[in-house]
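Asks: Heads up, here are the entries from TrEMBL:
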- 12-31: transmembrane segment (TRANSMEM)
- 43-64: transmembrane segment (TRANSMEM)
- 94-114: transmembrane segment (TRANSMEM)
- 149-170: transmembrane segment (TRANSMEM)
- 176-197: transmembrane segment (TRANSMEM)
- 209-228: transmembrane segment (TRANSMEM)
- 234-254: transmembrane segment (TRANSMEM)
- 261-280: transmembrane segment (TRANSMEM)
């Protein structure tokens with residue numbers, strides 16, 4: 001295999017769309033902790049949550065999910081959400097990249113504020129450990145209910161990483177919004193299990209959906225989103241996400257789950273829309289700051 005072919009596979013195995021997903025969890029905690037986006041240090045850890053963290057979770061998952069993936073008709077090189085089947089000859093390089101990424105992700109805690117550096121390293125280590133445990137043996141992905149809990153806890157720990165990077169301690173304050181987000185994501189994982197019901201069942205995997213049934217998994221997901229709605233009452237973006245999730249999951253359950261594939265994509269699009277709305281003003285603030293610096297440099301030195 002050529003170097004170019006290996007590099008392409010190393011990228012595709014991580015599902016590049018997920019490079020945006022994990023940083024969003026970090027940013028949720030960072031915003032909740034009232035962090036300063038103009039500081040350079042948080043961007044180091046944020047960068048580690050793009051390709052490196054995706055290599056750990058999605059890459060390792062592509063290796064150990066091979067028997068399921070070859071039976072999954074939705075797997076193709078053109079699928080942004082489902083990814084493609086990773087050929088066994090690339091399993092070694094992907095696992096190697098995951099181990100290197102593990103060291104890089106945990107080491108990024110060294111740039112966290114001194115007062116909460118140890119807490120940041122703990123939650124990052126827990127997030128990395130859960131990522132490995134989810135996909136590789138003991139493979140929590142193959143444990144009913146625990147597959148959902150593991151995914152929600154993973155997202156919560158990533159949000160806690162962002163929260164502690166602001167210098168605020170988890171021992172003194174609890175990141176309420178980050179916890180709600182983690183609970184919502186545990187429900188979304190159940191939708192994913194239900195969507196992958198047929199190939200997982202054919203491969204003999206014991207997910208919540210294959211053990212309890214597709215409609216049971218969706219019912220639990222619906223209950224989770226409904227509880228978050230009642231607790232939050234629309235006071236945060238998590239509440240609005242959960243509210244949309246209630247309608248989308250109910251839609252997916254129609255006609256005995258025949259609309260599930262569409263519902264799965266709708267809830268991802270709904271999350272992307274709310275994330276854009278939530279972070280857009282902060283992105284404009286950053287853009288304004290950098291443009292001001294450029295204009296200041298032009299006025300001072302006569303060039304940009």
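Note: Cβ is positioned from N, Cα and C throughout, glycine not excepted.
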Asks: Short question: which residues 6 or more past the ends of the transmembrane segment (149-170) have a Cβ under 8 Å from it?
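Replies: Residues packing against the transmembrane segment (149-170) from afar: 22, 25-36, 41-42, 45, 49, 57, 109, 112-113, 115-116, 119-120, 123-124, 126-127, 130-131, 133-134, 140-141, 177-179, 181-189.
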Asks: What residues elsewhere in the chain lie close to the transmembrane segment (43-64), defined as a C-beta under 8 angstroms and at least 6 residues from its ends?
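Replies: Residues 10-11, 13-16, 18-20, 22-23, 25-27, 83, 86, 91, 94-95, 97-98, 100-102, 104-105, 108-109, 111-112, 120, 124, 127-128, 131-132, 134-137, 139, 141, 154, 158, 161, 165 contact the transmembrane segment (43-64) from elsewhere in the chain.
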Asks: Same chain only, please: residues at least 6 beyond the ends of the transmembrane segment (234-254) with a C-beta under 8 Å from a C-beta of the stretch. Say none if there are none.
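Replies: Residues packing against the transmembrane segment (234-254) from afar: 177, 180-181, 184, 187-188, 191, 194, 215, 218-219, 221-222, 225-226, 228, 260, 262-264, 266-267, 270-271, 274, 277-278.
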Asks: Against which stretches of its own chain does the transmembrane segment (176-197) lie, if we need a Cβ under 8 Å and a gap of at least six residues from its ends?
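Replies: Counting only partners 6 or more residues beyond its ends, the transmembrane segment (176-197) has Cβ contacts under 8 Å with 25, 28-29, 32, 68, 72, 147-149, 151-156, 159-160, 162-163, 207-210, 214-215, 217-218, 220-222, 224-225, 227-228, 231-232, 236-239, 241-242, 245, 249, 252, 257, 260-261, 263-264, 267, 271.
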